[in-house]
Amino acid sequence: MVAAALDAMAATRWGRWLGLVTAVWVQCISGNNYTFSNYSDSLKTLMGLTQLQLNGLSVAKDVGKAFGLLAGLASDRVPTWLLLAIGSLEGLLGYGAQWLVVSRSVAPLPYWQMCFFLCLGGNSTTWMNTAVLVTCIRNFRRSRGPVSGLLKGYVGLSTAIFTDVCSALFADDPASFLVMLSIVPAAVCAVAMVFLREGPNTGAAAVGDEKEDGRCFAAINSLAVAIALYLLAADLTGVGGGGGAVSAVFVAVLLVLLASPAAVPAHVAWRSWLGERKAANADLEGADSSSSSSSSSSAAVPLLLEAKVAAAVKEEEEARGPGERPRLGEEHTIAQALTSIDFWLMFASFLMGVGTGLAVMNNLGQMGVAMGYSDVSLFVSMTSIWGFFGRIASGTISEHFIKTRAIPRPFWNAASQIVMAVGYVVMALGMPGSLFIGSVVVGACYGVRLAVTVPTASELFGLKYYGLIYNILILNLPLGSFLFSGLLAGLLYDAQATPVPGGGNTCVGAHCYRLVFVIMAIACVIGFGLDVLLCVRTKRVYAKIHESKKSNNRSTAVVQRVS
């Protein structure tokens, strides 16, 4: 009975928005995979590791994402709550074991066991991300760009949220940080298991509601920007650190800001209740037949347009011969997607962007030490916050330019690749402030890549097998981490480093990572070329999406005139 009531709630407009808000909260805690730099130095010292061995641990956590294929396969077969339950349990075990080691509650585990627990923690996020992305994009099919930008934006903020809260409450203690990474996600996922559910596909209703949906997205985006600016101000001024009453107030205000998106579904529910009450009063007063006829006509307009669109799609599909491949923009099976040139163009360009970005995020701790910084938490937080701005802005901006100019979404990936290459050149120069500038540029461009590629995959290959297609693309995270962080950065750093007593090594100076940055800049230029090619090849798809969105706007105007 409870499950039936929750499913009925998910079918309502306010239920969809409540699900999206709980998905936002899940994303606020599912970026824990990017926080390795906050405690990597403790692991390196405690276990006496070389940089190559430490980078091996960072690769292990990213290899966990390779097993995201399991989450993709399960996303079409099991309910959302079960995906969240699996993810939260894995995170509890993976990060809990790391806490036991860093807090010295147990003796350092063998290297292979640490790799296993880091892999388990890394895999936990794939279940959370798959659950929220697949469910929310299916619930908001007409707003894939804003949904992707919003959800991926909050993932970008999660590293800064964890880092700043730990700094405020526990003075950057690595053991306390790992306790947060294990317990907080499990608690948040428990809430999301109740409210995040897939509702029915209400394509016709969405035509009339699109304008109000836009206002709701704008409200949640504004709150997200407020949170990001709040975190940025705290980092730059140092208000949140050091403990005491000021830090407690900082955390309390942050929690209020994180809870504030719940006002959006509450507002939608209030408007729905008012509308139902108004309709009930009108029935009691006895609406005349002409008004009923007018209401029926207005309701029929979006339904008729939706039927015409469906008929056109069906006619186009039937026009192809039996066994002929679907065109881009239509539903693909996994085999059809994997034998598409466009899929592998997207895969390879994605590798150049996220692979190099992960190399920076995984090595920020050592990069900071090499450049003479004793505390790198500021750079970790900057990468997270500017990653948020990149994610949330690119989702909304790319959607806007599809509607107004039919500009393919991969265009923004191409732009981010070339900017990221410039960022690596700046970091290679090793000037004062280079690491700060680099962390901002890399964070923002990495965010653009993630937020733009997610809806692009669904637009080119369909939603039927989207969960698995998304997780195949996410294989770039462990692959990129292995190539650029594990091999490139690890080997080149060790070649420049000197041994230290007790095991391990260290390197100080701009030369430690200079060649790494140069090679990653070249990789980004290659990625830029691949994105430009993909942009050209998908122009027809985005021209059709542009025309579809124009038709939706015209139908909305017709409904308003008839009403």
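The backbone N, Cα and C atoms fix where each Cβ goes, and this holds for glycine too.
The domain 'Nodulin-like' annotation in TrEMBL covers 16-265. The feature transmembrane segment is assigned by TrEMBL to 81-99, 111-137, 149-171, 177-196, 216-233, 245-270, 343-361, 367-389, 410-429, 435-456, 468-493, 513-536. Per TrEMBL, the feature domain 'NFD4 C-terminal' maps to 330-542.
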Per Cβ pairs under 8 Å, the stretch of 81-99, 245-270, 410-429, 513-536 packing most closely against the transmembrane segment (216-233): 245-270
Candidate ranges 81-99, 149-171, 435-456, 513-536 - greatest C-beta contact count to the transmembrane segment (177-196) (under 8 angstroms): 81-99
Considering the transmembrane segment (343-361), which listed stretch of 410-429, 468-493, 513-536 counts the most C-beta pairs under 8 Å: 468-493
Cβ-Cβ under 8 Å with the transmembrane segment (468-493): same-chain residues at least 6 beyond its ends: 51-52, 54-56, 58-59, 62-66, 68-69, 71-73, 75-76, 126, 130, 133-134, 332, 334, 337-338, 346-347, 350-351, 354-359, 362-363, 366, 453-454, 457-458, 461, 507, 512-513, 515-516, 519-520, 523
Selected stretch (most C-beta pairs under 8 A with the transmembrane segment (513-536)) from 367-389, 410-429, 435-456: 410-429
